[in-house]
Amino acid sequence: MPKIKMIVGLGNIGKEYQDTRHNVGEWFIAKIAQDNNQSFSSNTKLNCNLAKVSIDYNNVVLVFPTTYMNNSGLAVSKVANFYKIAPAEILVAHDELDIDSGEIRLKKGGGHGGHNGLRSINQHLGTNDYLRLRIGIGHPGHKSKVANYVLSNPSIAQKKDIDSAIDNGICFLDDIINYKLEPVMQKLHTK
């Protein structure tokens, strides 16, 4: 059975994007690093910011691509090749429009659902056989509003809900790392 060796937090690089809904994946790995007293360092060769942590006695690389969302797969594939990490050993944390704020879901494989970061990862890895932690940000209501919505900051109440979902996901991280997925899915997917 595989174990997670890389956690990718999707988002856009730069202060202007740091607090936007599209960066909730980055918030997730930043919280993991903070909880483990680790900081990120820039790795220009691998097109990302990296931190290394130990979770339940497993060495895990935290990756924040510095390629912007639409080309995240470049960094993910470079890091995976460098550390010899298989797609099944990767967890990607990302924003999810189709899930309400405050909720979080775990998924193995699946399509990109219009998410350009996932689309890029699928293309660069040549597969969608990796785990995804889908952090709910809610939907603005109409397709035409999506781009502005994901690139804007959440309200204070919504930010609190998203932070709560991130904390909830981190509570199950040991089991996710060790591929004990069924009990995690049951707990996360049950209201």
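For all residues, glycine too, the Cβ spot is worked out from N, Cα and C.
On a predicted model such as this, the values are computed, not experimentally measured, just so you know.
The tRNA site recorded in Swiss-Prot includes TYR68, ASN70, ASN116, and the single candidate from TYR17, TYR149 that the record places there is TYR17. When secondary structure is read from DSSP and collapsed to three states, ASP95 (site 'Stabilizes the basic form of H active site to accept a proton') falls in the strand class. Straight-line distance linking the Cα atoms of ASN70 (tRNA binding site) and ASP95 (site 'Stabilizes the basic form of H active site to accept a proton'), rounded to a whole number, equals 14 Å. Counted within 10 Å of its Cβ, the other Cβ atoms near ASN12 (site 'Discriminates between blocked and unblocked aminoacyl-tRNA') come to 21, all protein chains included. Here ASN116 (tRNA binding site) is positioned 11 angstrom away from HIS22 (active site, proton acceptor), judged by their C-alpha atoms.
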